[in-house]
Amino acid sequence: MGTILEINNLIISFDGFRALNGVTTKVEKGEIRFFIGPNGAGKTTLLDAICGRIRPQQGSIIFDGDKNIMHYPEHKLVNIGIGRKFQVPSVFTSLSVYENMEVSVVNDRSIMASLFQPITKAQKEKIDDILDLVDLKDYCDKKAADLSHGQKQWLEIAMLLVQDLQLILLDEPVAGMGRKETIKTGELLKSIAHHCTVIVVEHDMEFVRDYASKVTVMHEGRILDEGSVSQVQNNPKVIDVYLGRGGGNCA
Amino acid sequence: MTTKNFFKTPSSQTFLIIVLLLLIAPLFLSVFRINLLGKFIAYAILAIGIDLIWGYTGILSLGHGVFFGLGAYAMGMYLKMEAAHGKLPDFMSWSGLENLPTVWAPFSNPLSLALIVLVPALLAFIIGYLTFRNRIRGVYFSILSQALSLIFVVFFIGQQAYTGGTNGLTGFRTMFGMPLATDNTKYILYYAAIFLLVLVYLYCHFLVKHRLGKILVAIRDGENRVRFSGYDPAVYKIFVYVSSAVIAGIAGAIFVPQVGIISPAEMGIIPSIEMVIWVAIGGRGTLIGAVIGAILVNGLKSGISESFPEVWSYFLGLTFVIVVIFMPEGLVGLVKKYASKITCPIKKRKATEKASSVN
């Protein structure tokens, strides 16, 4: 399959505090990779670094074999195939579900195109297909503000899917969801992974167990362990810093 | 956007009615009132521009008086040169100037009227580029825009010999050879103002009805999401800021010959905030709300100030508070709410009929 993302010895510090302290990992194509760890382990910081919100002091992030994406401006990442979903659902609440998708689907994002190039038929079909996938087709004309929490999360994922990405970064996609919604989101991730790599930061251990192909456990800015779910679950160090202590509210 | 669609939306229909009323207004009102109404139309043009940047894009500029003032001064300088008949404008000789300053030289040529839009555009571009590129937003941008307004007022007052100081520019006589004091010219200017209002409305309507309008709203709702959807929000914000500044400049230019004076008082912080209040009262993010708000508030202002000059500020402040608390979407939002209450049952019935016929 090949490697889609290669992170080498990443170091990020804020005012002397090392949020990431030498993180090295590789993500293979088609994986659903979970990053877990207690609060402050550096998971979200890692996502922020991958998508250009934070500039690392040291190290490198190589995407798709040869692109060093550390110096890419955020708005150009979509063009090379990286999309990011935020922890708090961030959809455009005053626009309808369909308009949210319309804004996301286009490839030419210049002012001229947004005035003179209407959505093509193929793009319309793509929007319909993906809204179908996330069960939002019946809500096309509904304002995004009126959707439930779960539906907003799915809409945001749908907005990523419509962009033909190679790598999707999700920050706690099931936070605040009920069991049913969580399962639905998990199944959605599985079907996404057929044509796209997914990186997820998550707290919900049950969700991790059910859907991760590989798990990276982080602690205090370092990688503690990496492997299959059962492998990391049996690692005494992991149990000590994370599963053991935080297990009560995470499991 | 076809013309057919334009007349379909309730807001455009309302705009059409307003324009028709304005067109026939000279049949009912004295030339004094028409002149006053022409001034309100200038304000309405300005308000549309503010709605574009604030209502749609969510950028609260509290310094739009500057762009209005720059357009107005460009027009004023041209009229002043015309009134001076090749001599030095009167206030310059009072301040002891003997030669025409270089900034004034181009204004003897009608082509200089292009500066009405070029100067606001350039200023907005520079400020927009520096702020939006550096992701200065929210209240920080508002404060900055307010500082801009303050700087310009202080500058224009300070440079008395060049700008006419606190008194501003006045004493215009003719425009393209037409004497400004005659009724005939006043009617022409009034209709010119309506024409510009229609033009600006159509331009903004064109912007917001296309995908660009959705992107502007998206920037208001979640700039980060827009950025990670592959757009550079700064580009769109600069575009909107420049558009809005140009519109303000046009408004200033049609204001001056009708009112006969432009002074730094018109570009200060307080008028700039008042402009925002018009839009808030009319209804943000609707275009038509801005037009209604500007005309209505200014109409009330002249009505109330004529009889009770001292209560106007209190009245405006109170209205603003009431609007913010009880109708955050302004008058247009209020009408929409009640309209949907009336039409909703009909729509629902139609929808169920449709559904049952499909089954």
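Along the chain as shown, residues are numbered 1 onward.
Even glycines carry a Cβ here, placed using N, Cα and C.
Copied from TrEMBL, the annotated features are:
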TRANSMEM  B:12-29  transmembrane segment
TRANSMEM  B:36-56  transmembrane segment
TRANSMEM  B:113-132  transmembrane segment
TRANSMEM  B:139-158  transmembrane segment
TRANSMEM  B:188-208  transmembrane segment
TRANSMEM  B:234-256  transmembrane segment
TRANSMEM  B:276-299  transmembrane segment
TRANSMEM  B:311-328  transmembrane segment
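The stretches the transmembrane segment (B:276-299) and the transmembrane segment (B:139-158) do not meet in space: the count of Cβ pairs below 8 angstroms, excluding pairs fewer than 6 apart in sequence, stays at fewer than three. Here the listed stretches are B:12-29, B:113-132, B:139-158, B:188-208, and the one with the most C-beta pairs under 8 angstroms to the transmembrane segment (B:234-256) is B:113-132.
Residues 22, 25, 29, 64, 68, 186, 189-190, 193-194, 196-197, 200-201, 204, 207-208, 213, 216-217, 220, 240-241, 243-248, 250-252, 254-255, 258-259, 275-276, 278-279, 282, 284-287, 289-291, 293-295, 298-299, 302 of the same chain, all 6+ positions outside the transmembrane segment (B:36-56), place their C-beta atoms under 8 angstroms from a C-beta of that stretch. In this chain, the transmembrane segment (B:113-132) lies close to the transmembrane segment (B:139-158): three or more C-beta pairs between them fall below 8 angstroms, excluding pairs fewer than 6 positions apart.
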